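*Asks:* Quick paste of what TrEMBL says about this protein:
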type	residues	note
BINDING	I40, S70, E88, D116, A117, D134	S-adenosyl-L-methionine binding site
BINDING	D134, D160, N161	Mg(2+) binding site
Amino acid sequence: MVSNIVNELVEEYIRNMIPKSSGIIYEMEEYARENNVPIIQPEVAKFLEVVIKASSIKSILEIGTAIGYSATVFTRAMNIKGKVVTIEKNEEMFEIASKNIKKAGYEKNIEIKFGDAVDVLPKIEGKFDMIFLDAAKGHYQKFFSLCYEKLNDGGIIVSDNVLYKGMIASNKYVKRRKITIVKRMRKYLDYISKHPNLTTSIIPIGDGVALSYKNREEL
Ligand SMILES: C[S@@+](CC[C@H](N)C(=O)[O-])C[C@H]1O[C@@H](n2cnc3c(N)ncnc32)[C@H](O)[C@@H]1O
């Protein structure tokens, strides 16, 4: 899937640098392509792999499982030593993800919770090194408020699709029926960018990724 925020030639060049996938990861990529399931783009997957490895992340909470692709990529990046808890509200996606995760041999590492994240999040116990927001774009602020306390100090919240095909940056690209999502996303980005306990960087790869580091308390 091509995004609209990065020069096409540059995006193609970067993608060509990424080694081809194999096994279940490749199968999931093919399934997503054939069935129009929106999974993280290859360059975003690679970027997050680096973040996970460089920060020695060992626990991840994800909102929006889809077919279990990102959860599988993250588990592999943690070298199967970590844990992913992921939430999905679509029953068909939940079933497909469960099969894929079993096929990958990651049942012990990935726990899929079925339901709307707004209902499921308050029941999730424990804290995480990384939280990945990749579900309904109009609800990031709500997800954030339910997640923030579950993020360890020194942890990272990753918000995907935050530049939404260029619409967030400029009204020139906004489609009328998307105006509510656009307004909410702009407000969310302003909020996480100015949050006193977060250091946020908005990165123009894929459809836009925001990385928010939760500052450690003063020692
Ligand atoms: C972009 S896809 C997730 C892709 C996945 N993270 C990946 O990269 O492989 C978004 C998913 O979030 C799910 N979703 C949307 N709103 C949700 C909510 N409120 N609670 C739980 N899941 C939700 C959708 O059903 C969809 O499968």
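Cβ atoms are placed via backbone N, Cα and C, with glycine included.
Just so you know, TrEMBL annotations never went through curation; they're auto-generated.
Predicted, not measured: the structure shown is a model, and the values here were computed from it.
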*Asks:* Under 6 Å from ligand 1 by C-beta, which of these binding-site residues make it: I40, E88, D116, D134, D160, N161? Sequence order, please.
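*Replies:* Close enough to ligand 1 are I40, E88, D116, D134.
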*Asks:* Do any of I40, S70, E88, D116, A117, D134 (binding-site residues) have a CA within 10 A of D160 (Mg(2+) binding site), and if so which?
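*Replies:* Cα within 10 Å of D160 (Mg(2+) binding site): I40, D134.
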*Asks:* Look up D134 (S-adenosyl-L-methionine binding site) in the DSSP assignment and report helix, strand or coil.
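*Replies:* In three-state terms, D134 (S-adenosyl-L-methionine binding site) counts as coil.
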*Asks:* Under a three-state reading of DSSP, tell me whether I40 (S-adenosyl-L-methionine binding site) is helix, strand or coil.
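*Replies:* It is coil.
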*Asks:* Work out how many Å separate D134 (S-adenosyl-L-methionine binding site) and N161 (Mg(2+) binding site) at their Cα atoms, rounded off.
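*Replies:* A Cα-Cα distance of 8 Å.
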*Asks:* Counting across all protein chains shown, how many other Cβ atoms sit within 10 Å of the Cβ of I40 (S-adenosyl-L-methionine binding site)?
*Replies:* 26
*Asks:* In Å, how large is the greatest distance between any two Cα atoms among I40, S70, E88, D116, A117, D134, the listed binders of S-adenosyl-L-methionine?
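*Replies:* Across I40, S70, E88, D116, A117, D134, the widest Cα separation comes out at 20 Å.
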*Asks:* Translate the DSSP assignment of D160 (Mg(2+) binding site) into the three-state scheme.
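*Replies:* The residue in question, D160 (Mg(2+) binding site), is strand (DSSP, three-state).
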